[in-house]
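Annotated features, as they stand in TrEMBL:
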TRANSMEM  B:12-38  transmembrane segment
TRANSMEM  B:44-70  transmembrane segment
TRANSMEM  B:82-104  transmembrane segment
TRANSMEM  B:110-131  transmembrane segment
TRANSMEM  B:170-199  transmembrane segment
TRANSMEM  B:211-232  transmembrane segment
TRANSMEM  B:239-258  transmembrane segment
TRANSMEM  B:270-288  transmembrane segment
């Protein structure tokens, strides 16, 4: 995929130098070294989302430039992992879990932003190749079910993720400033899973992806909340003892305080 | 004010959680129940994952019980000897409960088992208390009614290993409080609650304990069972969120103090009627959820669970 993209690389030096200067201005030179090779340059306002005690969700700005007219699509994918979808059925009047399907490699977070509606930009094969948009997202399941059954589970997975705010319900908007500069805001809710995210910027011309750039983004707990979760994970027994001792002390302190009143 | 919970991995309104802690703490101090049966559904309702709700509120119940016991202790309302006997049964019950929990988990039906046992226990006990306390209140209003015997004697009181509990003025088989403790311990493990809502009526109706001692003694026992549950949950499942527990217990310990004061002004049967109403309401809500068609028939669990 990348090889095909690279083959079409133009050698319009002037233009790319101009883009490089612009990008350098914007990014403080962080990606200037790779600029010469690309028709598309993009970066994030921050490469680390720090989850502190006061974290309520955050927005990251993605901005960049192209070497000429074209459309841009941004795909943000969270760390992948297994997910189980369970279906409830009525048993003796009660709704209980009866069947389940386990999906592998499910992105914990997925959102797409585009400068124009996707169906106006590229055909289905390209959408599928790039996994561009929720209908094209590949979610391999371990079950052997009839296709329509599996589709019900798949859409349930997406629906539940959307309800949690982790899959975007509608596509975000990539805004162009002039012909080459573009930007978009990516929103991460308070329940954003931690891990390494991939932010992929695609340049689309004449119905095909001509250039792509991937930027990493780390979502991590920082400070007190990080210390608590590390403690709980690495020393679970001591953590449990500390929780009990802390609770007894707090109960005792409150009891003593109220005695005076 | 939003606060991020490091284990639950979500952001909650601190004031909301403090208020929930206060409310449950108040009931805990007033009735001598842990309040876990209310806290678990409340936490799940605001979006905390069920496993973390159960693990964390066991932790906050430790604090609420300690502060509640202190208040009862100063009034001489704790029968330590009876509490220790109950605790002995509680340890056995917890072990059995953990074993049953494991079986249900392997069968993949732990969720419905938890909900069903909530509906069953809350429904039966709440219903029985509702009937009994309403009758007691009606009797009080009709002064011509005959005064009942101090103790009703049933077959349970003929069991061996009789023990004298001076403070409670009881001479009963030790198997009785131990058995009640064992059932309480099982509930701690399976339903993740202190079990006070079961212990309190059992102590009133089966042991015929003086009403004033019931709350303090059951809280005394609950300290130990919830401490054990916290340790187990933290060590095996890592489902104790210290931040959430801190918020709940700040609200809880303050609420418990007010609750204890309010409870000492309440007549026994009025307090039981109030508690029974709450218990039945929770049971009906859970039953409704079980039988009504959910908005989405599909649920999603991420990770390996």
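Note that Cβ sites are derived from N, Cα and C of the backbone, with glycine treated the same way.
Heads up, TrEMBL stuff is auto-annotated, nobody curated it.
Counting Cβ pairs under 8 Å that are 6 or more residues apart, the transmembrane segment (B:211-232) and the transmembrane segment (B:82-104) reach 3 or more and are in contact. Comparison of B:12-38, B:110-131, B:239-258, B:270-288 by number of C-beta pairs under 8 angstroms to the transmembrane segment (B:44-70) places B:239-258 first. Highest Cβ pair count under 8 Å relative to the transmembrane segment (B:12-38), across stretches B:82-104, B:110-131, B:270-288: B:270-288. Long-range contacts of the transmembrane segment (B:270-288) within the same chain, counting only residues at least 6 positions beyond its ends with a Cβ under 8 Å from a Cβ of the stretch, are 27, 30-31, 33, 37-38, 41, 115, 118-119, 122-123, 125-127, 129-130, 132-134, 136-137, 197, 200-201, 204, 263.
Distant neighbours of the transmembrane segment (B:82-104): 110, 113, 163, 165, 167-168, 170, 174, 177-190, 199, 207, 209, 217, 220-221, 224-225, 228-229, 232; these residues of the same chain sit at least 6 beyond its ends, with a Cβ under 8 Å from one of its Cβ atoms.
With a threshold of 8 Å between CB atoms, the same-chain residues lying at least 6 positions outside the transmembrane segment (B:110-131) that come near it are 37, 50, 101, 104, 187, 190-192, 197-198, 201, 272-273, 275-280, 282-284, 286-287, 289-290.
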